[in-house]
Amino acid sequence: MKSPAVPALDLPAEGETGVVDIGPLTLESGAVIDDVSIAVQRWGELSPNRDNVVMVLHALTGDSHVTGPAGPDHPTPGWWDGVAGPGAPIDTDRWCAVSTNVLGGCRGSTGPSSIAPDGRPYGSRFPAVTIRDQVTADLAALEALGITEVAAVVGGSMGGARALEWIVGHPATVRSALILAVGARATADQIGTQSTQVAAIKADPDWCGGDYHDTGRVPSTGLAIARRFAHLTYRGEVELDDRFGNHAQGDESPTDGGRYAVQSYLEYQGAKLVERFDAGTYVTLTDALSSHDVGRGRGGVRAALQGCRVPTIVGGVTSDRLYPLRLQQELAELLPGCTGLDVVDSVYGHDGFLVETEAVGKLIRRTLELAER
């Protein structure tokens, strides 16, 4: 069931999903998407001046459902449960936490699985979007809600890339930022692993050139393989070896056609994603991450970052092998509004920014203190 459209200057009820219609959107490439909708959720009350909004920006396979139980509009519990609420790091007695499903997504916002104006799914006709385009769409949704400035933008991974683009491209609209587990641009390693995941999906015969949505076919095998590969980059090497080692799965014999325990684990992760996520969205957002470069059109990374004065906290995870600490160190050194890199000690790899809620919660609280100054 499609979530109800949110009238201008109105937010959905707390924890519920609404949709903001922002009209046509011109992308960085010059392409135009007609009739764009952005799904939105919020926790906490908007202040009379509409100046207490904390934007919480999700990663690749996330959505607007930051916290709370599963429900009709969100098949899984909140992806950052406990981060927002009364007394939480984003204390909803003071702040209004707002989250959108990103442009190109599949959980209420316009994306490849959405119905185009001609009545058919966009599929392969959905244009390439960039991180910059995603921020443009978020800002348009906020403007439709009568919100012209936010207290903070908070995000990790793709959410961190969005937060970075936000403060560099639109500094007058934000008072502080928390950028976690991301870099200033995509690296060769990231582009390599991400493009390989996309290739796995496109090699699935059920991909149908991206136009599978109204055929009854779904590229489940390709998406599951992509997720298995991605999940390896999300977790820490030591953590995985401690959990699984080279052990067999149950009574299976890997030397006789059986599986290793880690294989079973990755298969499970792939199957879980297939149940809730669209392959076209996975390709669209993965390609957006590969194109991430905050310095594009701004004189390069150094010039772009050094020109940003927004008070910012940058955090990285010790065992992150997808976005290693050197990338956050570069951000911390070049952003004038950052006083140094904050390191989260964790064995959980890239996912540490999601798992280590106590340590990350402290960074969120500090970020919101910056917004109060």
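Here the Cβ of each residue, glycine as well, is placed from N, Cα and C on the backbone.
Taken from Swiss-Prot as is:
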type     : residues       : note
ACT_SITE : Ser157         : active site, nucleophile
ACT_SITE : Asp320         : active site
ACT_SITE : His350         : active site
BINDING  : Arg227, Asp351 : substrate binding site
DOMAIN   : 52-356         : domain 'AB hydrolase-1'
Ser157 (active site, nucleophile) and Asp320 (active site), Cα-Cα, nearest whole angstrom:
11
Are there any residues at least 6 positions away along the chain from His350 (active site) with a Cβ closer than 8 Å to its Cβ? List them or say none.
Ser157, Ala181, Thr233, Tyr234, Arg235, Val317, Asp320, Arg321, Leu322, Tyr323
By a 10 A CB contact count over all chains shown, which of the recorded positions listed here is most packed: Asp320, Asp351?
Asp320
Provide the number of Cβ atoms within 10 Å of the Cβ of Ser157 (active site, nucleophile), excluding the reference atom itself.
25
Around Arg227 (substrate binding site), how many other C-beta atoms are within 10 angstroms of its C-beta?
25
Secondary structure of Asp351 (substrate binding site) (DSSP, helix/strand/coil):
helix
